[in-house]
Amino acid sequence: MVADLVDFELLFDVLPSPHLVLQPDLTLLALNDAMCRLLGCERQAVAGHPIHEVFAKGPVVGPTESQPWQEALDKAVHQKISQTLEAQQFIHTAPNGKAFPRYWQMTLQPVFTAAGDLRYLLCRCLDVTDQVRLQQQGKFNYESFTLLARATHDIIWDHDLRTGHLWRNELFSTQFGYPVNSETNNYAFWQACVHPDDWPSLEQYTSGLMAESATSGNAEYRLRRADGSWAEVVDRFYIVRDDKGQPVRMLGAMQDVTQARNTERALHQSLEQFQLLADFVPQLVWTTDAQGHILYSNQRWQEYMDAAATEMSGDDLWHYLLHPDDRARTLARWQQALQSGHLYECEYRLRSRSGQYRWFLAQALPVRNAAGAIEQWFGTCTNIDEQKRTQLVLAEKDQQLQYIVGEVPALLATLLGPHHVVGFINGNFNRFLGGHVQLGQTAHSAAPWLQEQGLLAILDEVYASGEPASGHEQLVLQPATPDAPAQEVYFDFVCRPLRNEHHTMQGILVFAVDVTDRVRARRRMEVLDAELHRQDELLRQMLESLPQMTSIIGPDGHVEYASPQWFAYTGQTIDDLPQAWQRALHPTDVASDAARFAQAQLTRQGYSQEIRLRNEQGQYRWHLNRLVPALNNDGEPYRWYSSSTDIHEQRLLAEELRRSEEQFRFLAEAIPAIVWTARPDGNIDYINSRWPDCTGVPVEQTLQEGWATLIHQDEVADSLAQYKHSIQTGENLNMESRLLDVRTGRYRWYLHRAYALRNADNTIVRWFGTTTDIDDYKRVQERLEERNAELTRTNQDLDYFVYTASHDLKQPINNMAGIFQELVRTATFHDPDAAQLVSMFEKALHQIYGTIHDLSELVQVQKLRHEVALELVELAPLVQEVLLSIAEPLELATAQVTMDFSAVPALPFVRPNLQSVLYNLLSNALKYADPDRSPRVHISTLLDHGHPVLLVQDNGMGIDLARYGSEMFQMFRRFHDHVPGSGMGLYLVNRIVQSHGGHISVESRVGEGTTFRLYLPPLEAATPGTAVS
């Protein structure tokens, strides 16, 4: 026993880990050397003392949290259960008195007697301070990393390559809309979100970095958001490797750069558009730096200068180009603009390529940065040579200009003085203000409603400041008039100050253009653009959902992956995957496909081919198959990406198109006109055999050299311009030109028409055209125009004759009437028939007067129709005016007149003409009333298939249409002699209605009455405000 005890003590003392032995009453019985070193005391100083005293008096005090230690002792003593306490903190005091914490892992192991009673507690105390501090540092680092990931504007991610776990910060969910959970925190989800077109290159790039010793990388690719849209991202990452150099983690930061990339593309497009616009505008466009050195000049500038000028720059260039008389003035004004930063404007002469000088108006504006400093100057030179040369001519035509200004299709007026007195106003402006404005009237009294809308305040400001004012699409509320309702009108206007020779304010020039149609058209276009945008978005969504089969093929030709669409189409299973292509290919395509694939392996280039694939029903359908290689670092293909698109219907359509092309060629050769087709760029690729028959030029020669040389020199420029315009815009071609027959040297007229054939994307795929000989028609047309001109002159001469005759006859008739009145007054007649003769003579005079008046009115009707504009005439007020003019005969006849204009309340008509029509029809109804009954007249309107019809019905004597119907509207034709008349009324009515594009029908029964129906053109065909010749 003694030897055993000695052996135990030696073994206990040399244990490398600190141990102590407690009795059941927790008295310290023994401790080994390692424990003494941990406590920093001698064995004799602590042996036999309670363990609580040992841990309480130092130099090691603890544990800091005593409750877990006490609970562990209680369980070990009373429940006889082993206990382990992790990381208990003890305060150690060094010999120099400095205290510091350390952490112990304490294990209590009960030791039992043979009877099972507790004899000792063996306690092991391991110093785990380093491990605890490492854990604390790791926790702090993790918390700091998490806090930093939340604070940054980037999407932070951490990918553990060993477990596949992928952690992201909350910004990933904010920017892309995906929840952060177990389904999204994995590599497969990220791969599914990457755009299919970007994934192969991205995978190749990251795989290459993994294989190398690289520790960082960056990539750009597209990532799908939760709403289905694509975001462009920049991903920068760091690769963490283990001590063997193997990658174990990837840490990265991702940024959404979609808006930045869109801005870059928009800026690039804007620059391209500026370049195109600068070369397209008919001006010399240039830019300089802040010091005036030229940075850019457009193509027209280069074309204007000669070869010598293109080799110069700076002052030498300007000295060479500027006219000697303009140099000093031009350069001085340019320097003044550079120093002041104001608008530069100057007129000078520039030397052209031919050596001649031409006048230009130069204008330039500074471009400033955010700080207001000038960075560049943007300028243009506008060719005004013709304007300068015509200034003297314009001065001589000032009188003509006054007339033109009065009729210009704009609002023009001059307002004088501070009260804006009307000095001049053209017809359009006057009509817009109501037609009653007088010269000398103030603007406020002429149109007080403009003051209410704040427009006259603009005039006050211009007159007070002396500065011009302008407005773009200014809304003006035009009040209602008896002829038209209130309406909104939009104007572009300019108000410029007028000064006298002393530069003192004299008045204001007002110029305004009605842009109401443009504003309404733009608004319609905005609605249309919104609809087009919606349609484009629907089209995009539809295109993204198109079905397509994809697969991945190894270098040995075995399929490694196939999309679900492949299995759905072929009916194959996963077991068929390695030989999936060979099983689906048409037997006749297997050999050619294998040869093509082997060739692609050698060339390392992708390819496309059309193949037949068997579907689940055993049918073969044509597909367009595209293969793209993925190359390793040695440039060898290690994988092929394949996509297959079903083009079976396209193949069938192509065959049908080929047959249609053959039928078209046969038909084109059979018809008697020239038939031709052209590619989308306008180059003709087919002409039928009628071409050489008409021109004498072989088809092959025309296809090579073109057809411009055969066009008559007077039409070649315009014809080529029209053809180019149609090709560029896609508009239908419709033009006429003369073509040369080289065999006879004579030209004949032809009509050229062409229409574009478009595909489903509205892209032009071909042009189909015809060229038809219209030479005979043109010559007949020229003769017809000559006849029409001659007829017009004859009508004008006839109108002039009628007007002159009526005018020249009035004077002698007046003289005759005066002499006859004097004779009746002074003479004495003894013949008993004298009174009857006097009455007959007076009646004859009245008839002559009536005839002359009717001829004058006929000419006046013709003039009104051609010179007075149509207006929308309200029928009810007009009829009331006519009834008022014949009030006396109405009252004498006790006539009853009723009206019903509910169907068509107003008609577009020349108002005096319509008044004349109603007057003649109503007065005739009274003249030829049946003496046995009171006259009744009903005036109404109706719509007949869109044509307004004006009806005048009476219960008069009626007309025998069987006898007089064909003579109804002849001049001077009368059917009743019991009342006076000239026979011109119905002729005038018919003439007026016909001049307005209508016609008259008559229904009449003798003794019952007559109905006149006036059929007029459709309402949409007549435009108020226009005169029709």
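Backbone N, Cα and C define each Cβ position, glycine as well.
The domain 'PAC' annotation in TrEMBL covers 217-269 (among others). Helix first, then strand, then coil: DSSP counts for the domain 'PAC' (217-269) stand at 12 helix, 30 strand, 11 coil.
Under the heading domain 'PAS', TrEMBL lists 270-341 (among others).
According to TrEMBL, the feature domain 'PAC' maps to 344-396 (among others).
If you look up TrEMBL, you'll see 607-659 (among others) marked as domain 'PAC'.
Per TrEMBL, the feature domain 'PAS' maps to 660-730 (among others).
What TrEMBL records for 733-786 (among others) is domain 'PAC'. Here the domain 'PAC' (733-786) has, by DSSP, the following mix of helix, strand and coil residues: 12 helix, 32 strand, 10 coil.
Among the features that TrEMBL reports, domain 'Histidine kinase' is placed at 804-1020.
With DSSP classes pooled into helix, strand and coil, the tally for the domain 'PAS' (660-730) is 41 helix, 10 strand, 20 coil. Taken residue by residue, the domain 'PAC' (344-396) breaks down under DSSP into 11 helix, 30 strand, 12 coil.
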